[in-house]
Structures are given as structure tokens and as C-alpha cells.
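Engineer: Here you go, one structure.
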């Protein structure tokens, strides 16, 4: 400190002479008042306070730390009045990998994805410009970015499609289906469907603007450490998803890819969900694709190569509801053959008419005649591996029990905890009966959404009385057929289900519709089946 710096007095009296007694000075200035009392004041330099020094844009003084960080541009403009800051001059961080421009005049990378940058803009028309904030995910179709509408300041999700004709054409179908559903069938946004706000072209990429939602149900299960959710929460999700699938059936639209990843929470404060990703959806009268649905949720008629309808979404929904309660997929097949094996092990063989008409039946089944009746037997893993020139793996078993009843009634595996109360036992029996209607192998007998809405699991009615009214036993014992079990031929073959005539897939099965499973089971906390997220 400068030795000539003045001392700030605490009174109107002149300051006393300086003392050289360092033991009493202690970095303070000593003053004597008129009454003879000695006073001390902090030593402060008298500096000229410029009006513009450390001043925020609103005129108040700010700390040096704030001035040199968040207010750095303002500080520099004070030092150099000619300096003008623009956010467009900020370094742009790439969000797309790889980020090197290869195609489309350098705008696209080697995978034909548009290279996204933070603070870059999507859209060029006035009133249709979106500031890129971050990335939300990517897939075979392209990328999803978190953006801000510069006109309304609303935060949205924008799906940027790859610059390839096949993806463009498929997304045009997605747009037409969503506009039909949003505008005609659900204009009031009450049926749990994602809302499409806008679509436009940007640098030869189709961009779809959606409402921004929260995490998906798979992430919810993962955050719950793969422990099942409480049945009351499963019931809430089931009610909403039945409302959605009922609307889809009314519009004769098949989603074709229902799974936990495509069901998102609206926000983290409530259990309201919405169904997303209609990129694989189609009209019931235009079912040209046969390689559809994610494997864990793929219906038997799709595996066998039969014609399909909205019933395949109900099969997927049954698998999803079981997974929400159990914490793990009910049929986690590691291949399509293994997927079929898991289904047959738990539910038995499909009806003979399905095996007779399935385009892929010969791939999975041996056929023959016993006493003049045609029979079918699922091929062994050894035979299937030899015939298809690949090594099939049996797949890990995540449940100790094999029947659906036993899996649900005994989950979680209890060691020291008491048995289920009668009320809990009946509630689980009700849930078992409910999802069995979704997991009906025969698509002609599988329940529709409107039928499922009237089940006691949804309505809350007495399940015991329901069983009496339906003349069914309260405690059902599900029979599990052996995979080599033969089924007698049926006389009537439903004409509405015909062989699918087209196979469209340009990607190997192992690269799509897969998801890693946790390496452990049962989960760490095996004595509780509660949801800790809400």
C-alpha cells in the first residue's frame, strides 16, 4: 500500500499523528476523539470512484469475479467502447458425431446426418427459426435436438431426418399420420399422443418440431434400479396407454413399435405419459412391412410372417405392462428364434392355422403327420443353428419361475418378508388376468383396447365378483406346453389373416431393435416392489 495514502477519519476531528508502536497498531489507524477515547479504523486507500468502474448494465456495482466472467463482454466494452458483442461470434460446439462435413456441400457428415452446432439456427423463414441448445438423442432416422423457438421462446424437440430419400419418404408418412391424429382424432390433446407443431426443410433435411417431453419409461425403470413399479402406477400408465391405443384403433393406425423407450413422461412432476415415434406407423390397410416391432415386444404373428393389424400393438402393450411391474422384459430374446422360444416356453405353441399360414413357420418349426393329423414341433437350438449356419445362444433366464402366474405372484423373490396379504394376492391375480388378455397368441382372440378398459384392474371393481360373473376360477393355473407339443389341425382357417407378401429391411437384425439388459438379477433391493421416482 502507498505510504502516502490518506486515512479515512471516523469523526470530524483531524486525525492524530501516526504511531510507530507496531504492537498496538495491528494494521489499524488510531484516532483520538474529543473526549480522549482512542478509536481505530481500517486502513483504506482513498481512490477515485469512476462511474463506469465495475458497473453492471443496470448501474449497480458488481464484484470483480462477476465482471470478469458472466459480465466479461460488458467489462471489455467499458475498456474499449468500440467493441460490440454478438452471440453469433461465440465458438460453435459440434453436437453431431462425426462432425466433419463430407456430403451436401459440407453440411452433412459421412452418415448423411446434418452436423448440428450449439447456438446454430435451424430454419430460415421469419417466424420459423430455432436456436439449437443441445442434443437429445440419435437413431437410424437421424437426430433429435433440443431447441428454442426464437419467436415464442418455447423450448421444443426437433427431429432432423437424414438426407436420404428412404428416410425422407418414411418421415413424410409419419407427418401425415401425426397430423391426422392430432388434428382430426385428438384436437384437444387428451389421448396421450405426441404433438407435432411444425415441419420444414433445412439444407435438404426434413425437420419435425415436437413438444418437449421428459424421460421415457425405460429410463424410469433404470432410475428405479430395475425394480418393478407399484401396481397403482402401472394401472395409471395402463389407463393412459389404453386411451391412446383405442384412438389408434379408431383411426385404424398401427404404431408398430410400442416399447418403454417410446413412452415418455410429460414432466417429472406427474405420471402423465405420451406415446412418441410414429416413424414405423402405418395404416391397417397398408401393412407392407414385415420386419417391424422391437424384438422384446414383437408379436407371434409378426415373427411367423402373418398379416397383422392393430392387435400387434396390444401384444406390445401387454409386454410393456408386465415389464413395468417386474422391472425386466418378460421375453428378452437375444434373437428372433430365441424370442419365439421364450414365448412358446411360457404360453405354448400358436394355433395350427397360424403355423400353416405363417411365411416363416418352416424356418422355426418341423411339420409332420401323426394319425393323419398335421403336427408342428419347434426346432431345437442345434437344428436351427445348423440350418441357418450360425450359433444360437440359449439366452439368460431372468426369472426363476416359468409360468406367468408364478412370476407375477412370486415377485419380488422374498426371503424373510411376510407373504402377500389377501388383498395384495387378489390384486396380483387381477393383474395376471388382465395382461393375459394382451398376451393371447391368437390375434383373433386378443382383446381390443375398449375391452381392456372394462377389466377390474382398470375400473377398480371387485375381481372376485368379476370371476363369478365370467364363470372363471379366481386362482388360475396356467398350463405350459412343451416346445415339442403337437397341435391338432383346425378345420377353419380365418380368411382375414393372409401371408405377408413383402419383406423390407435393409439392416441386419442384430443392429436394430436391441437393448442391453442389466447384468444382475434379482435387483439389489429384492424385498420391495415400490416406485421411488414419484
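Note: Cβ is positioned from N, Cα and C throughout, glycine not excepted.
Not measured: the values here are computed from a predicted model.
Feature list, courtesy of Swiss-Prot:
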REGION    1-40  region 'Disordered'
MOD_RES   33  phosphoserine
MOD_RES   56  phosphoserine
MOD_RES   60  phosphoserine
REGION    85-104  region 'Disordered'
DOMAIN    130-458  domain 'Protein kinase'
MOD_RES   291  phosphotyrosine
Engineer: Counting by DSSP, what is the helix, strand and coil composition of the region 'Disordered' (85-104)?
Structural biologist: 4 helix, 2 strand, 14 coil
Engineer: What is the average pLDDT across the domain 'Protein kinase' (130-458)?
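Structural biologist: So the average pLDDT across the domain 'Protein kinase' (130-458) works out to 95.
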Engineer: For residue 291 (phosphotyrosine), just count the other CB atoms lying within 10 A of its CB, please.
Structural biologist: 19
Engineer: Can you tell me whether DSSP puts residue 291 (phosphotyrosine) in helix, strand or coil?
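Structural biologist: In the DSSP reduction, residue 291 (phosphotyrosine) maps to coil.
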